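Chemist: Submitted below is the structure of interest, expressed as structure tokens.
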Amino acid sequence: MSMVQTVDNVALLPAYLAAGTAVLVLLADLLVARARVTISVAALGALATAAGAVLVGGGGERRTFCVGADCSYVFGGRAALVAVLVALLTLGVLGLSGPLLRAGATPVGEYCFLLAASMTGGVALGAAGDLITLIVALETLTLPLYVLVGLRRGSLASIEAAVTFFVVSVVATTLTLLGAALLYATTGALHLGRLGALFAERPELLDIPLTTVAVALVVVGLTVKVAAVPFHAWAPTTYDGAPLPVAAYLSTVSKLGGVVALLAVVQHALPAQITGLVLALLAVLTMTVGNLVALRQRRTVRLLAWSSVAQAGYILAPLGALALAAGRTGDARAAAYAAAVAYTVFFVVLELAAFAAVVALRPAGADGGTLDELRGAARRRPWAAVGLALALVGLAGLPPGLAGLFAKVTVVRSLLDGGAAGLALVVAVNAVLGLAYYLRVVAALWSTDRPAVIPTDPTAVPTDPAAAATGPAVGSIDPSVALVRAKPVAVVLAAATVVALVVGFAPQLVLDLAAR
């Protein structure tokens, strides 16, 4: 067998575009030094990356870095879907970042560069064909986030959140790398397909205690990335301490990366006899604990964080069924895989819409505030309140949020087809439990108990020349750092809402892509 690797630069085009975006952002910040130009370069780079992924993915599966039949980078339908999602979510987060960057507490060049660098890891992650490529891509996605979380000047909460996130992520990465090393020691393979074939051909490998330890370490390390219970404690603290756009990125792109990595190893590499029961148990714990703790939350972002934990449980459930269905029909396994991918797509779109609405309801650069501050918000900013309500109703799985409804139906159906009726019942019970806190927030938006604690609209710039010359009066809100200007956030919120409605009325679009 030849040890010379083949290289297909077309397969690498989306990754090239993402990495090139990061370089161009640095050059724009250095040479032009205008925030608008830097942000525009990052946004155009994200669009180019998405377009490149569609172009390459539409031409069939492409493999590169191959030695014999084993390839380290495989760009096909799933990789294209992941790359497009990562690029468009990055574009959406850039749209939400305008008020944060205008507030002046966060350097624009560094912020956009870190987002582009993280996007590069996400684009490469979906195409990873071996454990090392997968881990490196996942860390390329995650490493810039440590800095992004703590990049806001003068914020102790951001620094604490960054340290928490860093420590937990380093431990998770260490466990994953150790598990990969032990797997190599027991099997002599790192490529995902080769690992799966070895475990199928040589079942005696499963009797080696070191194999069980290795698989457990890899699974634990990756479940930390999706904030699965009991490895979830970092998520609420990190989300609440991070700037709102960064919290949105953590809740969407970072979560997507963890799910993609976990799905890759469960579907192709790790033995179902070990991973199936572990993932099913983690799914039950994650969705139950996430929903129960979310009921007690009084801060907006913490509620969304715990909701994200619960949603991770719904995603893990079909992954557990996928492994448990190893001895069942190929259709059952395919349904479980498609359900996990489809649910993740529905979730990240709705989550982006929810964070966009919260950004629209908060002062520039502020945190998410408390639920009490959302009371009566529909009277002042009805478009943002409607967007938040639709997103939360969708996450709850109720009409008109049909995306969330079909996501949960898809998960339950895949569990039933895979013979995991008990797990399907737990999902159904938790879906009902989640209604309580989602609908509580929706009701608060239209509450008349007290006016919403929301500053004045920043677009209402004083027209009095004297007022403009002397600046804002004492106790008033400076328009440059008050509520977000409606346009960029409204575009992101409207786009996310429209996408959620489209896939809600035509879920087969996502299911067909997920099944590729």
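Here the Cβ of each residue, glycine as well, is placed from N, Cα and C on the backbone.
Just lifted these from Swiss-Prot, have a look:
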| type | residues | note |
| --- | --- | --- |
| TRANSMEM | 12-32 | transmembrane segment |
| TRANSMEM | 37-57 | transmembrane segment |
| TRANSMEM | 108-128 | transmembrane segment |
| TRANSMEM | 131-151 | transmembrane segment |
| TRANSMEM | 163-183 | transmembrane segment |
| TRANSMEM | 213-233 | transmembrane segment |
| TRANSMEM | 246-266 | transmembrane segment |
| TRANSMEM | 274-294 | transmembrane segment |
| TRANSMEM | 303-323 | transmembrane segment |
| TRANSMEM | 341-361 | transmembrane segment |
| TRANSMEM | 386-406 | transmembrane segment |
| TRANSMEM | 419-439 | transmembrane segment |
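Buried or exposed, and what's around them? Tell me for each listed feature.
Modeler: Within the chain carrying the transmembrane segment (12-32), a Cβ under 8 angstroms from the stretch's Cβ atoms is held by residues 38, 41-42, 45-46, 48-49, 52-53, 55-56, 64, 73, 75, 80, 83, 87, 108-110, 112-113, 116-117, 119-120, 122-124, 127, all 6 or more beyond its ends.
Cβ atoms under 8 Å from those of the transmembrane segment (108-128) belong to residues 11, 14-15, 18-19, 21-22, 25-26, 28-30, 35, 38-39, 41-42, 45-46, 49, 53, 72-76, 78-83, 86-87, 90, 93-94, 97, 101, 134, 137-145, 147-148, 151, 192, 249, 253, 256-257, 260-261, 264 of the same chain, restricted to positions at least 6 beyond its ends.
Beyond the transmembrane segment (131-151), the same-chain residues lying 6 or more positions past its ends with a Cβ under 8 Å from any Cβ of the stretch are 65, 72-73, 106-107, 110-111, 114-115, 117-122, 124-125, 158-159, 161-163, 165-166, 169, 173, 176-177, 180, 183-184, 190-192, 195, 218, 222, 225, 238, 241-243, 246, 249-250, 253-254, 257-258, 261, 264-265, 269.
Sequence-distant contacts of the transmembrane segment (303-323), counting only residues of its own chain at least 6 positions beyond either end whose CB sits under 8 Å from a CB of the stretch, comprise 223, 226-229, 232, 235-236, 238-240, 247, 251, 255, 259, 262-263, 266-267, 270, 272, 275-291, 293-294, 297, 332-333, 336-337, 339-340, 343-344, 347, 351, 354-355, 358, 368, 371, 395, 407-408, 411, 414-415, 418-420, 423, 426-427, 430-431, 434, 437-438, 441.
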Chemist: Check the transmembrane segment (246-266) against the transmembrane segment (163-183) for contact, please; criterion is three or more CB pairs under 8 Å, pairs 6 or more apart in sequence.
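Modeler: Judged by the Cβ rule, the two regions do not touch, with the required three close pairs absent.
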Chemist: If we skip the immediate neighbours and take only residues 6+ beyond the ends of the transmembrane segment (419-439), which ones have a Cβ under 8 Å from one of its Cβ atoms?
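Modeler: 280, 283-284, 287-288, 291-292, 294-295, 297, 303, 307, 310, 313-314, 317, 320-321, 324-325, 328, 332, 392-393, 395-398, 408, 411-412.
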Chemist: Are there residues at least six beyond either end of the transmembrane segment (213-233) with Cβ under 8 Å to its Cβ atoms? List them, or say none.
Modeler: 131, 138, 142, 168-169, 171-183, 185-186, 254-255, 257-259, 261-262, 265, 270-271, 274-275, 278-279, 282-283, 285-286, 289-290, 308-309, 312-313, 315-316
